[in-house]
Amino acid sequence: MAVYLDHAATSPMPDEVLAAYTDALRLVGNPSSIHGAGQAARELLETGREELARALDADPVEVVLTSGGTESINLAVKGMFWAARAQDPRRSRVLVPRGEHHATLDAVEWLARHEGAQLEWIELDAEGRIRLDALDSALAAASGEVALVTALWANNEVGTLQPVAELVALAHAHGVPVHLDAVSAFGQVPVRVHEVEADAVSVSAHKVGGPVGVGALVLARTATVEPLLHGGDQQRGRSGTQDAAGAAAFAVAASRAVAEVPLTRVAALRDRLVAGVLATVDGAVLRGAPGEGRLPGNAHFTFAGADGDALLYLLDASGIAVSTGSACQAGVPELSHVLIAMGVPEPEARGALRITLGHDSGDADVDAFLAALPAAVAGARAAASAS
Amino acid sequence: MKILAAMSGGVDSAVAAARAVEAGHEVVGVHLALSRMPGTLRTGSRGCCTVEDSMDARRAAAKLGIPFYVWDFSERFREDVVDDFVAEYAAGRTPNPCMRCNERIKFAALLDKALALGFDAVVTGHYAEVRLGADGVELHRAAAWAKDQSYVLGVLTAAQLAHAWFPLGATPSKAEVRAEAEARGLSVAAKPDSHDICFIPDGDTRGWLAERVGAEEGAILDRSGDRIGTHPGAAAFTVGQRKGLNIGYPAPDGKPRFVLEVRPVTNEVVVGPREALAIAELAGARYSWAGAAPADADAGFACEVQVRAHADPVPATARLEAGELVIRVDEPIEGVAPGQTAVVYVGTRVVGQCTIDRTVSAVPVPA
């Protein structure tokens, strides 16, 4: 039987979300049309937007629907950079922690190459947490020149929760807006935009059981972005026909996921998995923050001396779907920049494994994983020393 | 058997994998990521490391219903093949990177990993045959002589051949392989063959080397050691080369000049008439046997030797002498440069090979 422990890659769509999605897909009408069909679609869209806003502690007018996490992050990072620089040409610095998701890394590097942005990398501690003292110094050194701070709400690989409220307060004290990438945090921990006073927050539907290709950028009323996509001006900062069915499905998935927070059942399963791995595999090291300091569904290990490709192959051959957690180029897992930023030595970073549990995970999944892992690690270590 | 099929994204490896599946084996497809910076798309017929090739391999594996993975060998490939290629050229030799890749990546790093993971053999789309003879495994030329790749596999040892399977070896032609791919619904059926060196996607080997080896002007000498011209960097030259010398005036006899020797240490290129390219003997200390060692290796045995992937084999005698495999050709041959591999055949069978360290000219230097 297949064991799916890669919810952070994408989470299976619950039946009620699927039903809401397929029902909505039957509805004819462009939400921007004036006729009755258009109005029906608009009603579905705006109801979804309201429900999403509630799930995110935001106002409906602040919810910009997008094609997913990557677009949301690009809109926030590039759009806020352009808007800040337009207001004040001195604001060309972007403060960004090491260990961000590639959607952020590649967006800020693009800004550096093409728009003259100066990037300041903020160090992480050994558990993958942003060092607020380093952020503070960077802000203090040049606050009049900083366009924005962008950071993960929780690290997508090692699961470490970031001190987002403190981070936002720190940046705001220097008059700098903040974008938070909550793609992996949403549905796992409370993502309350007003409460943390973030200027922009990115989320994605398929990470909480919604459809792929749907996401949102929560953009505070006071925040401004230059759009990425130009066209019919359907939303604030974004053009393109709005996806009513996607919004409806995302809303159901989000409400359902948020209602389950705190994920005490999932966290307990995860804790059992972590304890089992540490007890049965020599040299296994849990990476990221322990216990409450990390996403409840996330476990992340390194197995020194193991070959990552072989480890994934052996687990997959045993019917277990997990990931290395790091980005892929042409399907090849890269050495994790997050682990490197945390100071993990390269040989240990090679044998990394991310296990992420979700709403449909159960004891049987954990048992199957724990049963298969020791032999897989042994095989991956043999493969590493053979080749 | 449990088989690991190395799938490049080309038609040959796809059909080889298909045959392994059809023979009833448990097959897993693997594409080797050999570059960390794959070009986005294939251009023309070149390259084997692009995103497109990886995708083609994945689609073929899906069609065959086998699991598929991309395994990262980019570091090993860079060290053992690319860096070796550059170092060999820098040392004035002419390496064959495909051979190095077979020797150190496909049938070493990959094969060792496969065996450690419980596989019995690695399957590739090479045109060659592994047979079981009286003394164990033997490597033979492919039935499709025009496509025969036994030369680039000549470096494999008995231990490696014991776990290698080339299902296309007995197929009489590439056309047949393409037709089979078409019939199996593999999208790569009409994909062009790959040529040239996969890590030099634009095919400009000289320019690529110049960037890495560095180029300083040096002397072009004639066979008696007189300076007759200037070259832009010795490392970019290869023995037998005629073009690109730009000496500017003809040889006294009016005949074209050819590169006879490259001396990287002194940054000198020696040129001379075509006759002087004729080689009577070649030898190398880095030799191996593709199966059991020949019983008469010390006494010497009649064979044929092939010095390039697409060269004709020529009659010769091979013997082990003072730690070297020494090959004396019956008639002088051209186009032999240190660094090339001499593969020794008896009939269709590959007996062994050596990397050529030195050659003995058939024509003495005129006094």
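Residue 1 is the first one shown; counting continues down the chain.
Keep in mind that glycine also has a Cβ here, set from the backbone N, Cα and C atoms.
Annotation source TrEMBL lists active site, nucleophile at B:Cys101. The ATP binding site annotation in TrEMBL covers B:Ala6, B:Met7, B:Ser8, B:Gly9, B:Gly10, B:Val11, B:Asp12, B:Ser13, B:Leu32, B:Gly125. Summarising the annotation, TrEMBL assigns disulfide bond to B:Cys101-B:Cys198. Marked as domain 'tRNA-specific 2-thiouridylase MnmA-like central' by TrEMBL: B:208-272. Feature annotation from TrEMBL assigns domain 'tRNA-specific 2-thiouridylase MnmA-like C-terminal' to B:283-356. The site 'Interaction with tRNA' annotation in TrEMBL covers B:His126, B:Gln340.
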- B:Asp12 (ATP binding site) has its Cβ surrounded, within 10 angstroms, by a count of other Cβ atoms equal to 27
- Task: For B:Gly10 (ATP binding site), list the number of other Cβ atoms lying within 10 Å of its Cβ atom.
- Result: 21
- Query: Helix, strand, coil residue numbers for the domain 'tRNA-specific 2-thiouridylase MnmA-like central' (B:208-272) per DSSP?
  - Reply: 9 helix, 20 strand, 36 coil
- Query: In sequence order, which same-chain residues at least six apart have a C-beta under 8 angstroms from B:Gln340 (site 'Interaction with tRNA')?
  - Reply: B:Arg93, B:Thr94, B:Pro95, B:Asn96, B:Val307, B:Arg308, B:Thr355, B:Ile356
- Query: By DSSP, what is the split of the domain 'tRNA-specific 2-thiouridylase MnmA-like C-terminal' (B:283-356) into helix, strand and coil residues?
  - Reply: 0 helix, 44 strand, 30 coil
- B:Ala6, B:Cys101: which of these recorded positions has the sparsest Cβ neighbourhood within 10 Å? B:Ala6
- Measure from the CA atom of B:Cys198 (disulfide bond) to the CA atom of B:Gly10 (ATP binding site) and give the result in Å, rounded to a whole number. 13
- Message: So, three-state DSSP: helix, strand or coil for B:Asp12 (ATP binding site)?
- Response: helix
- Message: Among all protein chains shown, how many Cβ atoms are found within 10 Å of the Cβ of B:Leu32 (ATP binding site), not counting that one?
- Response: 25
- C-alpha spacing of B:His126 (site 'Interaction with tRNA') relative to B:Ala6 (ATP binding site), in angstrom: 10
- Using C-alpha atoms only, work out the spacing between B:Cys198 (disulfide bond) and the residue listed as 'active site, nucleophile' and round it to an integer in Å. 11
- Where does B:Cys198 (disulfide bond) sit by DSSP, helix, strand or coil? coil
- Item | Length of the line joining the Cα atoms of the residue listed as 'active site, nucleophile' and B:Ser8 (ATP binding site), in Å | 13
- How far is it from B:Leu32 (ATP binding site) to B:His126 (site 'Interaction with tRNA'), counting Cα to Cα, in Å? 15
- Inside 10 Å of the Cβ of B:His126 (site 'Interaction with tRNA'), count up the other Cβ atoms and send me the figure. 26
- B:Leu32 (ATP binding site): secondary structure state under DSSP, collapsed to three categories: strand
